[in-house]
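Student: Below you will find the structure I want to go over with you.
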Amino acid sequence: MQLAEIYNYIRSFSTQHIVPKVCIIGAGPAGFYAAQQLLKTSSNIKVDILEKLPVPYGLVRFGVAPDHPEVKNVIHTFEKTASNPRFQFIGNVNVGKDVTIKELQEIYHAVLLTYGAEEDKLLNIPGENLNNVISGRRFVGWYNGVPADSNLNINLDVEEAVILGQGNVAIDIARILLTPVDKLRNTDITSFALEKLSKSKIRKVSLIGRRGPLQAAFTIAELREILKLDGCKTCWRVDDFTNVNQVVNTLARPRKRLTTLMLKYLEETSSDTEATTKRLYPIFLRSPVEFLGSNTVHSIKLSVNSLEGNDVFTQFAVSTGLFEEIECGLAFRSIGYKSVQIDASIPFDIKIGRVKNIAGKVQDKLYAAGWVATGPVGVILSTMTNAFQIGTLMNKELPITENKPGFVGLSKILAQKGIPIVLYNDWKKIDKLECERGKILGKPREKIVDINEMLEIALK
Amino acid sequence: MALVNHFKKFSRSVLNIASNYSKYTSNTMLPFLQTTRGASTTQQLSEKQEVNVTFVRANGERIKAKGKVGDTILDIVVNNEIDLDGYGACEGTLTCSTCHLIFSKEVYDALPNEPTDEELDMLDLAYELTDTSRLGCQIVMTKKLDGIEVRVPSTINDARA
Ligand SMILES: Cc1cc2nc3c(=O)[nH]c(=O)nc-3n(C[C@H](O)[C@H](O)[C@H](O)COP(=O)(O)OP(=O)(O)OC[C@H]3O[C@@H](n4cnc5c(N)ncnc54)[C@H](O)[C@@H]3O)c2cc1C
Ligand code: FES
């Protein structure tokens with residue numbers, strides 16, 4: 001053998017022994033789908049997924065509504081990924097605090113941020129701090145068992161509620177408030193939320209959006225479901241639909257079907273006489289100006305908007321200078337989520353609340369996928385598609401010129417700081433107990449909401 | 001919606017039982033056939049039950065798969081372990097639209113059941129929606145559909161490549 005050949009031989013031999021190690025931050029759908037893609041496209045890669053909480057699945061556990069259990073079937077795919085011996089779930093690690101991105105970059109070949117969008121956007125209007133003005137995100141967390149939201153201070157002993165925002169999260173909130181409570185009893189809703197909802201006096205919920213029906217943010221499946229809700233009537237404002245009839249046929253299919261559905265029910269609104277049912281009032285072309293009340297909210301002041309611009313989709317709302325007041329003993333802010341900068345080294349756009357990235361690439365060996373990268377829009381399908389793409393990209397670009405310690409290095413850092421970790425099998429103990437507790441109550445699971453209790457069970 | 005889905009699943013399972021049941025009875029009701037030409041009868045029957053589907057990815061790759069009459073296309077993807085990651089995320093409960101497929105006009109028109117409002121609602125969220133799009137979990141295979149070709153949308157396909 002020539003010297004060069006020997007050198008090449010040694011080099012190829014040693015690179016073969018370098019196992020690429022990737023660290024993913026956040027165990028929601030984006031993290032799991034990216035892991036799945038990485039494991040598939042590389043035959044020897046090792047993937048560690050770090051999660052702040054002791055429990056996995058992000059918004060599939062903590063966002064998706066309890067009365068939509070079918071959506072959670074995606075978990076079966078995640079369980080399959082978790083059973084891959086080259087994959088590891090490492091829960092109870094708060095990245096940015098317990099370990100820095102820089103440390104992770106030193107011990108892994110590449111780092112992927114999939115830590116979602118955990119805060120909600122504020123309205124920044126007077127009265128936002130009054131009692132019973134509630135963050136929609138926290139309300140969702142409360143009925144879904146987010147540990148930090150289990151102590152939410154909400155009073156449902158009122159008849160009228162408003163929700164500011166018209167996205168699918170807003171519809172979820174409206175539906176949970178208006179659904180006959182017996183329909184929630186056999187879901188995985190938290191027991192304390194169920195208890196409170198069973199005594200709720202809410203009869204009327206207004207769903208308020210800045211723009212018109214043609215720009216409505218909810219999707220048709222969610223709308224159709226709430227239109228058909230037992231014991232609840234949806235009442236549209238006929239005036240909101242001026243001119244909508246003229247445009248409807250020019251729209252692309254999804255928007256056209258959504259608009260047609262609203263128009264169909266609009267006709268029924270006018271012939272409505274029943275007085276006994278609960279009511280949903282979708283209200284368009286109104287922006288919140290101020291929450292009114294001394295300690296607790298009693299009404300909301302809205303500005304009356306009109307639309308400007310020629311293109312239906314980019315039309316924007318401008319105030320007409322007129323106002324409307326609506327009584328409400330409870331108000332929810334549900335105008336979207338935003339991400340936080342968990343580590344000072346992450347390039348972050350504070351204004352829009354997301355990690356700076358170009359098609360998933362943040363910088364050398366640092367990537368982002370899911371809501372933290374794309375912004376908090378889209379369903380699991382879009383998150384999945386995005387995560388697959390980024391997983392593929394990462395695999396193409398993986399630098400494997402040197403060995404990295406990966407999990408061994410991470411364990412050292414965490415052990416030094418005395419941070420206990422929850423592995424996938426430990427989570428399975430929590431999972432098992434939750435299901436057992438649920439069974440007694442006739443529910444698929446009773447979620448544990450106390451992190452200390454989770455750790456106690458997991459680490460026993 | 002959950003109820004509708006339950007009902008669908010239920011009726012589908014009833015249909016499956018029914019078709020198995022009829023196979024069983026036809027064999028037992030004709031004992032003399034069974035003894036003389038029994039083997040070929042069963043063979044004929046199982047051939048009759050078998051259907052073929054070809055999945056075509058955007059890059060032109062063709063994947064052939066076999067299933068039975070009464071299977072949904074999602075069942076066929078799952079049973080053949082076809083490599084379409086993420087396909088059928090909600091397991092046929094009409095809540096994800098990851099099972100989106102595109103048919104030729106001819107096949108689309110020949111599909112046995114029209115899409116329900118709920119299916120169309122989910123399709124409206126799919127990428128690359130066409131006039132001949134359907135959700136694979138809602139298409140129940142019939143003998144008439146044997147040999148069809150279906151296109152897997154490229155957005156998902158590219159991501160999976
Ligand atoms: C209320 C609600 C209902 C929804 N319902 C549906 C539905 O019915 N159907 C549908 O298709 N889609 C639904 N969605 C959308 C879907 O949930 C998202 O598309 C998807 O969850 C986004 O995935 P992600 O992984 O980017 O973020 P997430 O799911 O938020 O996951 C992020 C993960 O990162 C973790 N994390 C955060 N910070 C750190 C840190 N510092 N260190 C370590 N880990 C961290 C979080 O704990 C979390 O587990 C819903 C969304 C919401 C908000
Ligand atoms: S598998 Fe989810 S809609 Fe078909």
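Every residue, even glycine, has its Cβ placed from backbone N, Cα and C.
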Student: May I ask you to find which of A:E159, A:E222, A:E225 TrEMBL records for the NADP(+) site already listed with A:Q166, A:G167, A:N168, A:V169, A:R210, A:R211, A:G378?
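Tutor: TrEMBL lists A:Q166, A:G167, A:N168, A:V169, A:R210, A:R211, A:G378 binding NADP(+), and from A:E159, A:E222, A:E225 it also lists A:E222.
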Student: Report the candidate from A:L38, A:L59 that shares the FAD site with A:A30, A:E51, A:V95, A:W371, A:G378, A:V379, A:I380, as recorded in TrEMBL.
Tutor: A:L59
Student: Rank the binding-site residues A:A30, A:V379 by the number of other Cβ atoms within 10 Å of each Cβ, and give the residue at the low end.
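Tutor: If we count Cβ atoms within 10 Å for the binding-site residues A:A30, A:V379, the smallest count is at A:V379.
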Student: Among all the protein chains here, how many other CB atoms are within 10 A of the CB of A:G378 (FAD binding site)?
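Tutor: There are 15 such Cβ atoms around A:G378 (FAD binding site).
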Student: On a count of neighbouring CB atoms within 10 A, which of the binding-site residues A:L59, A:V95, A:I380 is highest?
Tutor: A:I380
Student: With respect to ligand 1, which members of the binding-site residues A:Q166, A:G167, A:W371 satisfy a Cβ distance under 6 angstroms to one of its atoms?
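Tutor: Near the molecule: A:W371.
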Student: Would you mind listing, in sequence order, any of the binding-site residues A:A30, A:G378, A:I380 that have a CB less than 8 A from a CB of chain B?
Tutor: A:I380
Student: Which secondary structure state does DSSP assign to A:L59 (FAD binding site), in the simple three-class scheme?
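Tutor: Going by the DSSP assignment, A:L59 (FAD binding site) falls within a helical segment, counted as helix.
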Student: Can you check what DSSP calls A:E222 (NADP(+) binding site), collapsed to helix, strand or coil?
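Tutor: A:E222 (NADP(+) binding site) sits in a helix per DSSP.
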